[in-house]
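As annotated by TrEMBL, domain 'ABC transmembrane type-1' applies to B:54-258. What TrEMBL lists as transmembrane segment is B:12-30, B:53-77, B:89-108, B:138-160, B:181-203, B:239-259.
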């Protein structure tokens, strides 16, 4: 475990009566793209600010390569932060903004000039040295903010919803640019966002948080396909979440119908939650499916149609390129490996998964 | 309707109350009693008593402005660091005296500073030596600082609260310590506020005659007093206007210097 880059141990943070983080443990290694994902108020930004040194945890320690840096002020930490609203120094040129950290470290003029050129090239803004930040667009300002951070060669770059203020198209472009940057620089990115699509696109590892607890840590595929609880399933993409009973290994009873599945080890006749992604439901002829129902709504979404089907007393959300008009009687089928079985929440911290309806 | 229509009242106002009076001052300043053109009124600034009054005015105004700045800046910083409700209340406290008449406030200080006044009474009670406070340059400076301090605090405070915590955190994040954050980020960003504060204190301090009349007892002549006397006692509008023009030139030059410094402040302070 020698190559743990940052490790958070038993971190708790409270503002007044509001518990923001409760006994959080998390570590990550070098050269990873780690995303802290969750709804607002889940503690993701506080976690990032604790790493950056802008907040002090009530308890616990922050280890950097095994050393506790909790009491080291931000200006002496080997990390740099990109803030949500860019936080550029508006009274300085782009070049002076980028040079800020290097001038404080008293680097030579030639070194600083080289670094400014290199950083501007990296973020595709060559020739912008003498512009003032106010004269740049939001996307350009954010790229300057990134350039200003990376010239200091931090081991870890902390990014606090850096794309939040940009429009959709620009955001998507910047996502690819961030992935490229991370690969070129070979440093660790810790990225905070509430946007699940952004997280799935960019991350090596996603940490899903809610109400101060970590809900699940895993690769984007794991998080999407194998959500550990109803909160994660609901937060990452759209899903049908139902209460069901595990009849025996590889057989689950959902709304009175027995579905074959691939999960084992839950015991017999045990209440569980199941997740079925809307795109994993296939339409078949009305009498050939596991479920029979009637389409109650139809919305065209571009890539697919979104339909709601009333069957066995539940409104099933179905995504399909196969359009079924409202009122059609349809059969539905789900493949065994597309049914995700989850334990019902038992302990206090798992209750944080209760999703607001 | 033409949008220019809405500008008409302002144009009338400015013509009647700014441009015409200025032209009148210019006319009186450049003529003698017979109406003939002369620059004697302007040149008379060089006479020892006028020059002395002008330099004393500039000196006292500079000192007052500097004291206001030294008092106001840390106070604005403290206000920024307070919670929203608290700082509103304290700003209110500083503005509150401005609700009272300027003359009244200054006259109140007259009674406080008098030889037999409240402050000397307290000194006497404490067994401290009596001090001559009234009718000194110090009393005038004191009166200027007291009256004009809010005009320094407000513009600085207003730019200071607009600096987001993220900017300060970003500077720390990039390695700057508290002192460097102040020197390279906070101070340059507040420069526009400092400059408008200086303008709003320096100009009234330079031209005042009320404060020097009341707290200087007519013994200390500022250029404002000289001009006032020309208009009231001597009835020599021509000389008063000529000296006003000179004072105006001094103000214009100092504003131009400040504006130049402000422009530099936008980019090259770092």
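Placement of Cβ uses the backbone N, Cα and C atoms for every residue, glycine included.
Just so you know, TrEMBL annotations never went through curation; they're auto-generated.
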Contact yes or no, the transmembrane segment (B:181-203) and the transmembrane segment (B:53-77), 3+ Cβ pairs under 8 Å, gap 6+: yes
Contact between the transmembrane segment (B:138-160) and the transmembrane segment (B:239-259) (at least 3 Cβ pairs under 8 Å, separation 6+): no
Range from B:53-77, B:89-108, B:239-259 with most C-beta pairs under 8 A to the transmembrane segment (B:12-30): B:239-259
Close approaches to the transmembrane segment (B:53-77) from elsewhere in its chain (Cβ under 8 angstroms; 6 or more beyond its ends): 45, 94, 137, 140-141, 144-145, 148-149, 151-153, 156-157, 160, 190, 194, 197-198, 201-202, 205-207, 220-226, 246-247, 250
